[in-house]
Amino acid sequence: MRKPANGLAKTFDLIVVGGGAAGATCAGRLAAQNPTLSIALLEAGPSDRHPLVRVPFGLIWLMGSQRDWAYRTVPQTSLGGRCISVPRGKMLGGSASMNSMVWFRGRADDYDHWGPGWGWDDVRPHFEAVEEQMRPAPLRDPHPLSAALEQVHGGPPTPETVSSGPFIVNIKNGQRRSPVDAFLRGTNVHVLKGQHARKLTLTNGRIQGVETCGGDKIMARAGVVLSAGTIGTPQILMQSGLGPANMLRNTGITLQHDIPGVGANLHDHPAVAVHHERRGSGRGLTFAQLPLWALAPFQWLVSGRGPLASNTVEAGAFLSGKDGVAPQFQVHFVPTRIGYGKRAIGFGAGYYADVCLMQPRSRGSMTLGTDGAVQIDLGLLSNRDDRVKLREGLCALRALLRAAPFGQRSAPEVFPATGDDTAAVDAHIDARLGTAYHPVGTCAIGAVVGHDLAVRGIRGLWVADASVMPRITSANTNAPSIMIGHRAARLITQQIKAK
Ligand SMILES: Cc1cc2nc3c(=O)[nH]c(=O)nc-3n(C[C@H](O)[C@H](O)[C@H](O)COP(=O)(O)OP(=O)(O)OC[C@H]3O[C@@H](n4cnc5c(N)ncnc54)[C@H](O)[C@@H]3O)c2cc1C
């Protein structure tokens, strides 16, 4: 990728906004497929060249740092008005530079819900091409607790069937491998970091370019691809006057084109967790483990191994509900004590696991308030069925942890430790429910963009990121987002060449 020359070039053939999972992939592939075009990638955040990005365990320090947009939802009415944190990567690689590196394509039948041109047979070749570069592989050296999970249902875990064990991850030689490494580095894309896009400029329904928060105007001869993610992309569209007319009227933004679906259909995997703690159990801060942690940086530097090479969420499971058919719940397992309740930081060893609904029915929205600020309403558990299912999921998670042959490392549940009765489970859900950090759907295929990812009613504008998923995939969303970026480059190239 090219460093920008002194003095920002003001005109490119194509501009990609957002250098995250999908954007870095799309920009790199566009450059490879169109060597004569000049392509700029605008990223609001800084570089991904930071030790905490490379070190898999580093993600726990990236969250809440300057490299995190650190959004919060509006009060969630179904959770007693609690606000939930929504971390999103703000750097080259986006959330793919601070995620847990768990690799899943989703389930083949997920793509039946994405409409024509996005079925399993259409997307599979792109997953295959992406995986050739990303090289996901089984986690090296899983903790014995993570390894033991495999003995419950058999692994590696897959959303297609009830299964459990260590995950497949995008880690190479103990280091995070991101789509920036796989697709962007080595191309001639002009990467412009610290460039926060505010809005699009357009004339007579045709996109002219991008205006940044710093007041720069960057022009695009062939068009703009929005890859700013599930929150950032609808925000830019709305700030450009492209969105639901009713909502935009209240913000004072001049309507350019009424697109009712922008910001609608926001959803994520709702997740609820349990914590286990006992001396001699999993990783954590204990006197006995002080040498392990003191040596960890050297061990990682020398061999790429040790606790810092752990992606935190090392293992998990796919579990079915009472009806016992296809899996409905995904479990994430961390063989490390994580703060709980009022004991956020402190000594202790243990493990943590959460369970999420693979296909929630609840839907929320992303809008702008009258002051123009982003309002994220995940609508968590707004559909009652989700709460009923999640209660079932928590019981299934506890059964899994009871069945796991953890031996001497087994530890009692210390939080919430209230049992499976409905009132106790509901109280825990109300107080603690979060998400798996997989927001999708705010510019859905079929509603905002066509099957070619072009924004309906506007010329020279495409969306390529997790916001185009009409329905969430039945597992983690990074690989599907990279697949979208990969496929977008092909679709956009075809459209440009057809002109
Ligand atoms: C903490 C965490 C853990 C996760 N763990 C996993 C996991 O283990 N496995 C998995 O599959 N998925 C995981 N995910 C989810 C996965 O990373 C995302 O689904 C995926 O990265 C979404 O890709 P995207 O391209 O849509 O958005 P992103 O990757 O978030 O990229 C959006 C980019 O756009 C930039 N941007 C936003 N607004 C603007 C603007 N106005 N101007 C310029 N640039 C802008 C952002 O800074 C960012 O770089 C995790 C996410 C988080 C936050």
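Backbone N, Cα and C atoms are what each Cβ position is placed from, and that goes for glycine too.
Now, the feature entries from TrEMBL:
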| type | residues | note |
| --- | --- | --- |
| BINDING | N99, S100, M101, V102 | FAD binding site |
| DOMAIN | 229-243 | domain 'Glucose-methanol-choline oxidoreductase N-terminal' |
The domain 'Glucose-methanol-choline oxidoreductase N-terminal' (229-243): DSSP-derived helix, strand, coil residue counts: 11 helix, 2 strand, 2 coil
Cβ-centroid neighbourhood (8 Å) of the FAD site, N99, S100, M101, V102 excluded: L59, W103, V169, N170, N311, T312, V313, N476, N478
Long-range neighbours of the domain 'Glucose-methanol-choline oxidoreductase N-terminal' (229-243), counting only residues six or more past its ends (CB under 8 A): 17-18, 20, 44, 69, 71, 86, 88, 94-95, 197-202, 251, 253-259, 262-263, 266, 366-368, 372, 374, 376, 439-443, 448, 455, 458, 463, 465-467
Cβ packing number for S100 (FAD binding site), 10 Å threshold: 21
N99 (FAD binding site), number of other Cβ atoms within 10 Å: 25
C-beta crowding around M101 (FAD binding site), within 10 angstroms: 24
CB within-chain contacts under 8 A for V102 (FAD binding site), separation at least 6: F167, I168, V169, N311, V313, G316, H332, A475, N476, N478
Averaged pLDDT, computed only over the residues in the domain 'Glucose-methanol-choline oxidoreductase N-terminal' (229-243): 98
